[in-house]
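Just dropping this structure here.
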Amino acid sequence: MSIEAHGPCLLQEVKMADQSLLSESALGWSIFALVFLVILSFCWVYIRKYQSRQESEVISTITAICALAIALITSALLPVDIFLVSYMKHPNGTYKEWAENNETRGQIEDTVLYAYYSLYSLLLFCVFLWIPFVYFYYEEKDDDNINKCSQVKNALKYTIGFIIVCAALLLIGAFVPLEAPPNQNGTQWEKMQYLFEELGNNHGVPALSFSISSLTLIGMLAVITYTAYGMSVLPLNLIKGTRSVVYERLENTEDIEEVEHQMEKIKAKCEDGRPLSSRDRRNLQEFEDKLQVLQRRGRHLEIAESHCCTKVGSALRPLKILLGIFFILFALLFVVALFISNLDKALHSAGISSGFMVFGTNLTNPLNELLLTLQPVFPLDYVLITVITMYFVFTSMAGIRNMGIWFFWIRLYKIRPKRTRPQALLFLCMILLLIVLHTSFMIYSLAPQYVMYGSQNYLLQSPMPPGNNTTWTTKTCDADAPQDECTVTKSYLFLHKFWFFSTIYYFGNWVFIGVCVGNSKIWLTMFLQKCHRWCNYKCNL
């Protein structure tokens, strides 16, 4: 048949392929847009919950909301990245019609790459310019004898130090040679020329990757300090709950009766007309002040008991207990999956010089298998990634709220609902931003195959005796797969450009596991002791 006869069929196939590309890309990005709106709403509610009502400032509030939202949106881009590379291929390992062209695949990958460029650049802007400037601006505002111009000038002066650090990180990342120059015997100028050529070919990815990875190291320290602590304290606090208003009212009434009894005993000394001693008068005055405080507290408790929020809280008590049990099971799954992943790297990786890269799946990781199972049914894996990220945020927040913000042994700020100062709010957002930034690597540690390749497969030719037909077997993409058969996610390329960062993360994961186990043991012991005392108290009633 002639080409003209095939023309309409070929045109129809091209149109169908284009429609498939548009529909699948639109699905991934539309869900990302929905998550974007949810994240903005969450950040607004969360920051408004903790900011001080007396010292609230518009600029610090907007800064905190935007910085936290950018970090969460960056983490939300990971499932989109994995979804797009996974949907380029059929389950049997062959490329879909619209993805057979390298140029088409490159366009899709570039879309994700530019999104990462934008979001990571915004994160650097927040960490090294926006947040420091607003923080120092309000630090200078505490001085009443300073005008606005001096405030801005002094804040800029301190912020320049952060800008210099950012520039240094970008320059180091740009010119650190990832590979040795091809001409080892060349002149220094030729070697420098090679570095500039590499910088142009990589489109600045190493520079941005080095800066973000450096921040992720600080995030790792915050995760070890706050998140590991919060993973223990949050579920136990949910299960333990707070003391009921009825019990507090009863206890307050008993305290009032005791104070009134002590006052009557003192007043009884002067019934025969004798004056009270100075000591008795002082004690009587103290008891009167204490009685006023207890009576005022009783009125507040009476109002709180009749409040609808208290009744709703009592009704939701079983749900809090179930949520606490869920957090315990989720933490157990998290620590077990991380332990298996680290053990796999220790036993089967290519060594410390490769950043403990593992080729293939040697030990079954439950979280990695779960994500790979959910990935084809998009957006189920998106939901699980969101749960993991928000779990990190809530447990980190629980750790920060209980511990406060410390600089070594110096306590800088307390984090309390509706009473957090603007400077403390900015510090809080900076810590949460770094923790969320480290979440992407933690997810890679938990599910390396999922983060690198998603659910991609490829065809491998099986060796056969001469004269037999060639057979192809379908294999799961891993680090040992051919580059032209499996597409690596842009997230992996950004966060694992430098092997020494991956090595530090590996040892940091062991420290995180140890701190989690130690904290859980301490808090579980304290929880059991409190339960024992509560049971004894109930038995003695």
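Quick reminder: no glycine exception, Cβ is built from N, Cα and C everywhere.
Fair warning: this is a prediction, and the values are worked out from it, not measured in the lab.
Below are the features listed in TrEMBL for this protein:
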COILED    249-304  coiled coil
TRANSMEM  26-47  transmembrane segment
TRANSMEM  59-78  transmembrane segment
TRANSMEM  114-138  transmembrane segment
TRANSMEM  158-178  transmembrane segment
TRANSMEM  207-229  transmembrane segment
TRANSMEM  321-340  transmembrane segment
TRANSMEM  382-412  transmembrane segment
TRANSMEM  424-447  transmembrane segment
TRANSMEM  498-518  transmembrane segment
Kindly say whether the transmembrane segment (321-340) and the transmembrane segment (498-518) touch, using the definition of 3 or more Cβ pairs under 8 Å where each pair is 6 or more positions apart.
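Since 3 or more Cβ pairs under 8 Å link them, the transmembrane segment (321-340) and the transmembrane segment (498-518) do come into contact.
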At a threshold of under 8 Å on Cβ distances, which of 114-138, 207-229, 382-412, 424-447 pairs most often with the transmembrane segment (59-78)?
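It is 424-447, which has the most Cβ pairs under 8 Å.
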Please give the sequence-distant neighbours of the transmembrane segment (114-138): residues at least 6 beyond its ends with Cβ less than 8 Å from one of its Cβ atoms.
57, 59-60, 63, 66-67, 70-71, 73-74, 77, 151-152, 154-156, 158-159, 162-163, 165-166, 208, 211-212, 215, 422-423, 426-427, 429-430, 433-434, 437, 490-491, 494
Looking only at the recorded stretches 207-229, 382-412, 424-447, 498-518, which one has the largest tally of CB-CB distances under 8 Å to the transmembrane segment (158-178)?
207-229
Can you give the mean pLDDT for the coiled coil (249-304), rounded to a whole number?
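A mean pLDDT of 76 is what the model gives the coiled coil (249-304).
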Do any residues, 6 or more residues outside the transmembrane segment (424-447), come within under 8 Å Cβ-to-Cβ of it, and if so which ones?
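Residues 47, 50-51, 60-61, 63-64, 67-68, 70-72, 74-75, 78, 123, 126-127, 131, 134-135, 138, 212, 215-216, 218-220, 222-223, 226-227, 334, 337-338, 341-342, 365, 367-368, 371-372, 385, 388-389, 392-393, 396-397, 400, 405, 412-415, 491-492, 495-496, 505, 509 contact the transmembrane segment (424-447) from elsewhere in the chain.
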